[in-house]
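K.L.:
Pulled the feature table from Swiss-Prot, pasting it below:
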type: TOPO_DOM; residues: 1-115; note: topological domain 'Cytoplasmic'
type: BINDING; residues: His25, His50, Cys54, Cys57; note: Zn(2+) binding site
type: TRANSMEM; residues: 116-136; note: transmembrane segment
type: TOPO_DOM; residues: 137-250; note: topological domain 'Extracellular'
Amino acid sequence: MTMPLRGLGPPDDTGVREVSTGDDHHYAMWDAAYVLGALSAADRREFEAHLAGCPECRGAVTELCGVPALLSQLDRDEVAAISESAPTVVASGLSPELLPSLLAAVHRRRRRTRLITWVASSAAAAVLAIGVLVGVQGHSAAPQRAAVSALPMAQVGTQLLASTVSISGEPWGTFINLRCVCLAPPYASHDTLAMVVVGRDGSQTRLATWLAEPGHTATPAGSISTPVDQIAAVQVVAADTGQVLLQRSL
């Protein structure tokens, strides 16, 4: 059985419905008109009743269901160009070149749409980058943390640890950073240490804890709201007992 040529509307007296469809029923030419919404209400109900029992017409409608979406993406100029380039549709059916022309036009339109979207996205990204750059520059204009020298800490309860401490005053308090190396032999136990800030009022605040691993340098850091001039000392202590091992008095 040969596939029918699909028409644009229901059969009429112009001879269009005389085209052979292979199954010789007059509904074979109604599929395109149904998909495009060109049938009258009565014809639409009649065709839908026919579809319930005709797999041929159901398949034809399925094949054409994407055409309205394709047509909706064409502008007036593209439709005019297709009309000029496509051969005239005669009573024997639609030209086989029409659908490829539609698809090519839609492809060009989508390509332009993707290009416009890409340009718009790039422009938005550029604006965002400029905003971030301005924000970073504005932030960098704020006072920077002054370089702070690393001060050695005195060994108090051990000779197996050595450390330096850097103390930086900030508008919000104090930032403290240690570089603590464990000098114990490889077979020594890995003790847990803690950094403690001693205030001039006698308060003690634990800022960080870490594991002392022989031969390795730990870099614990912490912040505290206490101003630098209110800090009496920074200590490294045994986390479990509180024994002072290293200390830097201020």
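Placed from the backbone N, Cα and C atoms, the Cβ positions cover glycine too.
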K.L.:
For His50 (Zn(2+) binding site), what is the tally of other C-beta atoms lying within 10 angstroms of its C-beta?
P.N.:
16
K.L.:
Quick one, of the binding-site residues Cys54, Cys57, which Cβ has the fewest other Cβ within 10 Å?
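P.N.:
Relative to the other binding-site residues in Cys54, Cys57, Cys54 has the fewest Cβ atoms within 10 Å.
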K.L.:
Which value does the mean pLDDT take for the topological domain 'Cytoplasmic' (1-115) in this predicted structure?
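P.N.:
Per the prediction, mean pLDDT sits at 62 for the topological domain 'Cytoplasmic' (1-115).
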K.L.:
Please report the three-state DSSP label of Cys54 (Zn(2+) binding site).
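P.N.:
Its secondary structure by DSSP: coil.
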